[in-house]
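Colleague: Below are the features listed in Swiss-Prot for this protein:
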BINDING   SER75, PRO76, GLU77, TYR117, GLU250  substrate binding site
BINDING   ARG99, ASN100, GLN101, ASN108, GLU243, LEU244, GLY299  ATP binding site
Amino acid sequence: MKKKWKPSASIKDLMKRSKIIADIRSFFLKKNIMEVETPILSQSGVTDVNLMPFITNYFSFNDNIKKKNLWLITSPEYHMKRLLSAGSGSIYQICRSFRNQEFGQYHNPEFTMLEWYQLSCSMEKMIEEIDFFFQKILNFNKADKISYQEVFMKFLKIDPLSTSLSELFQCYKKFNLKNLIYLENDLNQLIENIFTLQIQPFLGKEKPLFVYHFPSEQACLASINKKDSRVSERFEIFFKGIELGNGFHELTDYFEQRKRFIKDNRKRCDMNLPEQKIDDYFLDAIHHGLPTCSGVAIGLDRLIMIALNKNSIDQVMSFSFERS
């Protein structure tokens, strides 16, 4: 008899997972940061070209209610920022998130996210807060920090803030990656891909590493640095070559955020991807007034995987995608 009915992780490891999550909740309780719950189903998708949301629909036998498309959240970010705009104060959430076309050693279409927003907090201060969190909850060593520009110079001898297409083509050729050049004129996409393939696997080998000041073209929902408009107030966290989290000093400019969403959808068209419905509730919340804050989204399954010295996230999940 096949044993796929059994959990992906051992009961012993699931008990350890439960303890870590309890410790996380205790950490935030002591800091007087409110835990919140927000919808899993959203009336809008996300425009980020790197995210593929699941879509479903609502319908009723009542003729007055028409069939309605709904999206499973890729993160609770938009709803949590609506709470921030409504005056919630600093908040966190542990919840399920969903991303299509993502399955493997470090990916599962359904996964657990820790999302945390801290009011009146700079990017630098947020990095310190997260570093302390890792040390306190998981006994990690104090993290290192390096800028996106510095890490490119260290590994590839390329300045990502001033590089050219020809220089990047040579770099792709050097690493036998020319077959991955599918948008030849998209400088930013080439930079992102080479970072993922030739830099990320070597990051944070001994202890966590924060890479900060991502190029402004990769700002997503982060603000732009006031001293250097070429870079954003965005950072990512890596440990043992694995991305653990993505954080921002949050963008609070309604007009800039709307412009970025529109630009995302244009890029989706260029990549033959479906456009996504822009979340007007979220934009209205920013227009009302998103307070100055920083936030981070941490993949909890990956974090627990590293803490328990496992090789893949299915070893710390009760039932992975293949056993769901």
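Each position is counted from 1, following the chain as shown.
Cβ atoms are placed via backbone N, Cα and C, with glycine included.
Given the structure is predicted, the values throughout are model-derived calculations rather than measurements.
Could you tell me the structural context for the features on the list?
Modeller: Listed in sequence order, the residues of the same chain lying 6 or more apart from GLU77 (substrate binding site) and placing their CB within less than 8 Å of its CB are GLU115, LEU221, GLY295, ALA297.
In sequence order, LEU51, MET52, PRO53, PHE54, THR74, HIS107, PRO109, PHE111 are the residues of the chain that are 6 or more apart from ARG99 (ATP binding site) and have a CB within less than 8 Å of its CB.
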Colleague: Nearest of the binding-site residues to ASN108 (ATP binding site) by CA-CA distance, picking from SER75, TYR117, GLU250?
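Modeller: Comparing Cα positions, the closest of these binding-site residues turns out to be SER75.
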Colleague: Which one is it, among the binding-site residues SER75, PRO76, TYR117, GLU250, that lies nearest to LEU244 (ATP binding site) by Cα separation?
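Modeller: Going through SER75, PRO76, TYR117, GLU250 one by one, the Cα closest to that of LEU244 (ATP binding site) is SER75.
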Colleague: Name the residues of the same chain, 6+ apart in sequence, whose Cβ is under 8 Å from the Cβ of TYR117 (substrate binding site)?
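Modeller: Those within reach of TYR117 (substrate binding site), by Cβ under 8 Å and sequence separation of 6 or more, are MET80, LYS81, LEU84, SER90, ILE91, TYR92, GLU250, CYS293, SER294, GLY295.
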Colleague: Could you state the CA-to-CA distance between GLY299 (ATP binding site) and SER75 (substrate binding site) to the nearest Å?
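Modeller: For GLY299 (ATP binding site) versus SER75 (substrate binding site), the Cα atoms are 10 Å apart.
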Colleague: Enumerate same-chain residues with a sequence separation of six or more from GLU243 (ATP binding site) and a Cβ-Cβ distance below 8 A; give 'none' if the list is empty.
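Modeller: Sequence-distant Cβ neighbours: GLN200, GLU236, ILE237, GLY299, ARG302.
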Colleague: Measure from the Cβ of SER75 (substrate binding site) and count the other Cβ atoms within 10 Å, all protein chains considered.
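Modeller: Neighbour count, Cβ to Cβ under the 10 Å cut-off: 19.
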